[in-house]
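*Asks:* What TrEMBL shows for this protein is this:
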type   : residues : note
DOMAIN : 100-135  : domain 'EF-hand'
DOMAIN : 139-174  : domain 'EF-hand'
DOMAIN : 235-270  : domain 'EF-hand'
DOMAIN : 280-315  : domain 'EF-hand'
Amino acid sequence: MSPMVWLVAMPSRQSSLYGLAAHGLWLLGLVLLMDASARPANHSSTRERAANKEENEILPPDHLNGVKLEMDGHLNKDFHQEVFLGKDMDGFDEDSEPRRSRRKLMVIFSKVDVNTDRRISAKEMQHWIMEKTAEHFQEAVKENKLHFGAVDPDGDGYVSWDEYKVKFLASKGHNEREIADAIRNHEELKVDEETQEVLENLKGRWYQADNPPADLLLTEEEFLSFLHPEHSRGMLKFMVKEIVRDLDQDGDKQLSLPEFISLPVGTVENQQGQDIDDNWVKDRRKEFEELIDSNHDGIVTMEELENYMDPMNEYNALNEAKQMIAIADENQNHHLEPEEILKYSEFFTGSKLMDYARNVHEEF
């Protein structure tokens, strides 16, 4: 018997006896689904990240899981998948076996559906989003422990700015011993202009992560704030200021719609490039008007942007839940049902399961 037999709709003309049987199959299906999913997760991406260069380990990442904007102000295109799948994102890559992916998706559905009524409400989705966001944070804490050890060679529990600078420049190809000696002797470092600019930006971020009293020594917790500002209130404010600084064209320290939707630097050379630019404007306009500009006055303040980017903001999580449900809510009942989540699987997982959704009754 298929583990997802509970998806089969029972025609209304059947007797209540068949209704009881269907309910029993629903419960049996859940048990079988849980059993079918109890296989080791695909951690290939985690292993690849661990094998990356040291530069990638000690540099603050441009992309932050579960945060709506990238560090450069671009929209996070994977946001909905990140807050729906959590740390299981690798399980839905293109190489995954389709039938197993469908089962995994239905296992997730059953977990979100807390009251087991075979549909997901906005409140249930909100709770799930908060849970998956917390998962990303715990993953960041775990990775930070490894990264902190890489830049704290003496193991004293503190990393000085000079220690970090040595490791950073070594990751850029400089001789670690020579750089350490030069810093110790207060000699001028011979680095190119681009590297010097990166160092200056990193130093500003280092100061922000250094809790009072400032000593330029970061603990493991402070180093986490340095790498992942999204989970520190003070660093989130700093991150917002950086984004506003980059997008603010008139220097008023807030963003208008034209400033937010301004196209990135570059020339549109062909129709494909024009289509990309058109999509850029469309997506950012929608985000600005519907989600970021909370009082709808046409201006986004730093406070509004901070609230929008805060991954642990419960109000935002509820809005996201409603938006995610609306994308797939074909019967307009304000809930998400199994057939709908399968049909719109690409939105939730990045993988297309359209054929399966169309033939779901025939297959099961």
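Placement of Cβ uses the backbone N, Cα and C atoms for every residue, glycine included.
A TrEMBL annotation is a machine prediction, not a hand-curated record.
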*Asks:* Quick one: DSSP breakdown of the domain 'EF-hand' (100-135) into helix, strand and coil?
*Replies:* 27 helix, 1 strand, 8 coil
*Asks:* Same-chain Cβ contacts of the domain 'EF-hand' (280-315) under 8 Å, 6 or more residues past its ends?
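*Replies:* Same-chain contacts beyond the flanks: 66-69, 75, 126, 130, 133-134, 136-137, 230-231, 236-237, 239-241, 243-244, 253-257, 260-261, 263-264.
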*Asks:* What is the average pLDDT across the domain 'EF-hand' (235-270)?
*Replies:* 84
